[in-house]
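Q: Sharing a structure here in structure tokens format.
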Amino acid sequence: MELKTMQITYREIRATIPEHLFRKSSTKGLYYAARDALSVFALYYIASRCMSNNPNMLASQRGMIEAWVSQFPGSSVMMGIAFFLVKWTAWATYWLAQSICMAACWCLAHEAGHGNVSPKRWVNHSVGFIFHSCLLTPYYSWRITHHTHHKAVALLEKDENYVPRTRSDRGLSHLQPTDPPSPSNPSLITERRGLDGVIIQGSGKTKQDPQRPSYHDIFDETPLYTLGRMLAMQLVGFQHYLLFNTLGCRSDPPGTNHFAPSSVLFKPNDRNYYRIVSSNIGIGFVFATLVAYAYTAGFATLWKVYLVPYLLTHHWIVMLTYLHHSDPTIPHYRSPAWNFVRGSLATVDRPLLGWVGRFWFHNVSHDHVGHHLFTTIPFYNQPAVTEILKSVLPKEDYNYDSTNSFYALYRTFKQCCFVEDSGDIVMYKNGEGKSAREVSSSKMVPGGSLAVPAILERLIDE
């Protein structure tokens, strides 16, 4: 499938969006904040009261199960099995439900960072700071880099999130797609054929330089190993990004992170300094609270009521953000071809978890294209924006994927391996060096400008 360079302008799209969709309501925003927070506390209360290691509570639960099981033969054995199954099914249900509710709080803090919970700045910062700190996310620090991401989305030189690795990053610079096979180049792997070597003319044999890695050497792995890498990214990938800037901007130096006020991620001024420090203090306070809780209630209890849901929460966060911007069918740009509209449309709307994802994740996955084009429209108005975009944008410029999100995650992990070192518009290539789409062979229309809407420039300073 061929990718054609879009020419629609931001002004043309903006003219179709009614002004009332930009209006924010403190009442609505705080309702969602209260709903999410109360859901988390309600689930915690149930877990701590009904599923704890309290001897009286355990005896009561065992008594109810025993009364039901005693009517069957072999009741003593069945009682132990039933108690085990009921106990861990209850915990698994709690972990899933609590992780979704905690992810709801994280997504709402994301909206607060964009100024969409309330028209009042202090309300937005209060909600965002509290919710993100409770989930060990540095609110102000991440907000700054997230706004940078919005201003440079899909721009290879400046984007801050899920920046693709290039051919040379992968150690494949010697495997150039334009080099023809020849006896003097026995290590070449032709992309079009997807082979692990090149048939030498006249010999009918395949040769491969053992000193140089091939596509097969680098990308071929068992499904179990792929699953292990996926689990590592899903559970601790976000923390790794905060600590080590993994898959962040390519020009950032080693040691870049979200916690040092002197980091190149932040402008060197006093306002940012105190914001970064306050984010660290917020996380430090929550961390100290968790340590105190573990000392009082035991680490096992902390693990079950907070840490497991916390890890699963970050699974949802990484899953939805990764799938927003990583897909075999969407392009990435370099400066000559990039503009704000092209970058914003290089993302994908997905019905992650269906109505559950729309209700709890505040439309962040269902309406992400609209969110990138119009960051200051509150999340509860984004569904209307998406419907307008569907009618305004050419069909090939609006990206929607109804593929099951878990399968899409695996597919993206396997197929989005690298992009080329050169080219103003590049597509992800898979483990055989093939891309799902080719850039149009017609004359490439320049991006025109690295400018972004003025509102994005202002928001970061608020």
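Using the three backbone atoms N, Cα and C, a Cβ is placed for every residue, glycine included.
Keep in mind that TrEMBL annotations are predicted by a computer and have not been checked by a curator.
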Q: May I ask you to indicate which of 89-111, 273-295 is given in TrEMBL as transmembrane segment?
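A: In TrEMBL, residues 273-295 carry the label transmembrane segment.
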Q: Along the domain 'Fatty acid desaturase' (90-177), what average pLDDT does this model show?
A: 94
Q: Go ahead and report the DSSP secondary structure tallies for the domain 'Fatty acid desaturase' (90-177): helix first, then strand, then coil.
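A: Its residues fall into 51 helix, 2 strand, 35 coil.
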